[in-house]
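Novice: Got a structure for you, written out below as structure tokens; questions coming shortly.
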Amino acid sequence: MSGASRSLKVDGKVLEGISRGPLPASRKVYVPGVLHPDLRVPLREISQTPTRLGHGPDAKETANPPVHVYDSSGPYTDPAAELDLRQGLPALRESWILGRNDTEALSGVSSEYGRAREADPRLAGLRFAHRRSPRVAKSGANVTQLHYARKGIITPEMEYVALRENLQVEASLAAQHPGQSWGAAIPRVITPEFVRDEIARGRAIIPANINHPELEPMIIGRNFLVKINANIGNSAVTSSIEEEVEKMVWSIRWGADTVMDLSTGRNIHETREWILRNAPVPIGTVPIYQALEKVGGKAEDLTWELYRDTLIEQCEQGVDYFTIHAGVLLRYVPWTAKRLTGIVSRGGSIMAKWCLAHHRENFLYTHFEEICEIMKAYDVSFSLGDGLRPGSIADANDAAQFGELETLGELTQIAWKHDVQVMIEGPGHVPMHLIQENMTKQLAVCGEAPFYTLGPLTTDIAPGYDHFTSGIGAAMIGWFGTAMLCYVTPKEHLGLPDRDDVKEGVITYKIAAHAADLAKGHPGAQARDNALSKARFEFRWEDQFNLSLDPERARAFHDETLPAEGAKVAHFCSMCGPQFCSMKITQEVRDFAAKQGVSDDTALQSALDEKSAEFKKAGSQLYR
């Protein structure tokens, strides 16, 4: 494990190893606000070693500037931050929320289930002890970022994400391919006003519940950096509160922009509270999972009243976005009967079973406006679930999938009428040639609301490697316009992921998201690539490791064959060795050119002429 660690004690058990400390050669830097001067927007600064000009002890050096990269790891990678997991993270947004004067504190939790959990003495050892009173919008108020944006207000959250997206890379914009953005409108510099306008148009969201003040704001939208989500959560057979908190911290260390808690096991309420109070990123949930647990796993026993109470419970805890499968309509369920793999979404199957058991329309659909009323009182964003997504490439782009998408477009308009932020979930399993159709239809049907996809997986033949099969689809659909990608781990379809699987999934999806940013031509996206390529050409091995997405693995792979410290300054690697390194040969040509005072092309031709003469002098024999 990188860095130092801290311990968390819950119910008498101590978890050692909450991931702390910066990544190699990295430090946290903070960019101040302009419209809101109190802002401190975190970036990760990666230092570089100097370039040596020539060889030998007298060789001169020229400095290489540090590289700034997006950082979602929160205070956990800042050695100066004093953290106590039992107290939770500092309430970064508290003064912003209070300063708007449109919310009020409740005397206590208002959900029936929340009150019951607080009154249960058996849970005393599990509870997060330092919980703030939940807040809610004042009567008649709307506290969503979409509402503020439509009123022309640039909130601190909006300026925060604008500064975060720019990465201080203005100087590097010239050294970048223009990209193909498929109709996106990515500006050269992202301003707070651009952020406000994108949110007002529904093309981007800032998931930021007023009861999650610990959150460092981030934005999800087609015209911004492609984001990734990591799923965590306990089950009936495995995991604990301690492990889920560590999974969250571990996920964001490696680059997860949001985290979904998909717990289905014991103590879901308490687990979620611990995660939220220590999470600097948006936390999403699927409320129907907890509602189902409350009725003993019997979908037919679900009721609107129980689900409504679950929504309020989670809103008051601070959940930032809900996956709600309101598009699974009774009339669509028969369309899945002839599918190869039927309904594979857990939430979709729950609602389909309820619809069939009662032969009534999905209560999430019939009560959708009431759900909007709840969510706008806390600024919880919709992630409209694709309950009928294809679970195999054979079922991709069928009538059930696209019928549900049409309904999600209808629901998007209703949510926007209430100024509730919305993103749309997408597939799934889709072969490469059918991927772009998904993006094109979603943009047209859902009014350009952000698209959030699981992959998609591009083939079904690789259990154990589905992070790879889905990473292919994720890179493609991210390029076409998807705003956030939900990671897939190597354990997909096989089991619950462990720490190593989580890291593998996150980094795979960071690669996919970054590849999409490059292809779209996002301003500054290429700066890190250029820096690493320059380090590679100059044999600055430490910089190659440190600039990579996974410095630990890069270093370990290098050291498997060349473990000596001297190998980290050598002008070759184990792939080609010292005699056949193409970059070393190119450098020798450049050195020759510099000594002779000629161009690289002239030097190269001179070297070729020299080798030609040697060949002829040796008898012009191909094999000797």
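Any Cβ shown, glycine's included, is placed from N, Cα and C.
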Novice: Determine which of Y148, Y160, Y289, Y509 appears in Swiss-Prot for the same substrate site as N231, M260, H325, S345, R346, G347, D386, G387, L388, R389, E425, Y452.
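Specialist: So, going by the record in Swiss-Prot, that would be Y289.
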Novice: Among the binding-site residues listed here, G347, G387, which has the most company in the form of other Cβ atoms within 10 Å of its Cβ?
Specialist: G387
Novice: Measuring Cα to Cα, tell me the gap between H429 (Zn(2+) binding site) and G347 (substrate binding site) in whole angstrom.
Specialist: 17
Novice: Please list, in sequence order, the residues in the chain of R389 (substrate binding site) that are at least six apart in sequence and whose C-beta is under 8 Å away from its C-beta.
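Specialist: Listed in sequence order: V344, S345, G348, Q401, E425, G426, P427, G428, H429, L454.
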Novice: Do me a favour and check the Cα-Cα span between N231 (substrate binding site) and H493 (Zn(2+) binding site); whole Å is fine.
Specialist: 14
Novice: Rounded to an integer, what is the Cα-Cα distance in Å between Y289 (substrate binding site) and H493 (Zn(2+) binding site)?
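Specialist: With the alpha carbons as reference points, the distance is 19 Å.
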Novice: What's the number of neighbouring CB atoms sitting within 10 A of the CB on Y289 (substrate binding site)?
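Specialist: The answer is 19.
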Novice: Could you tally the C-beta atoms, other than its own, that fall within 10 angstroms of the C-beta of S345 (substrate binding site)?
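Specialist: Taking all protein chains shown, S345 (substrate binding site) has 25 Cβ neighbours within 10 Å.
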Novice: Counting across all protein chains present, how many other Cβ atoms fall within 10 Å of the Cβ of H429 (Zn(2+) binding site)?
Specialist: 26
Novice: Measuring Cα to Cα, how many angstrom lie between H493 (Zn(2+) binding site) and G387 (substrate binding site)?
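Specialist: About 17 Å separates the two Cα atoms.
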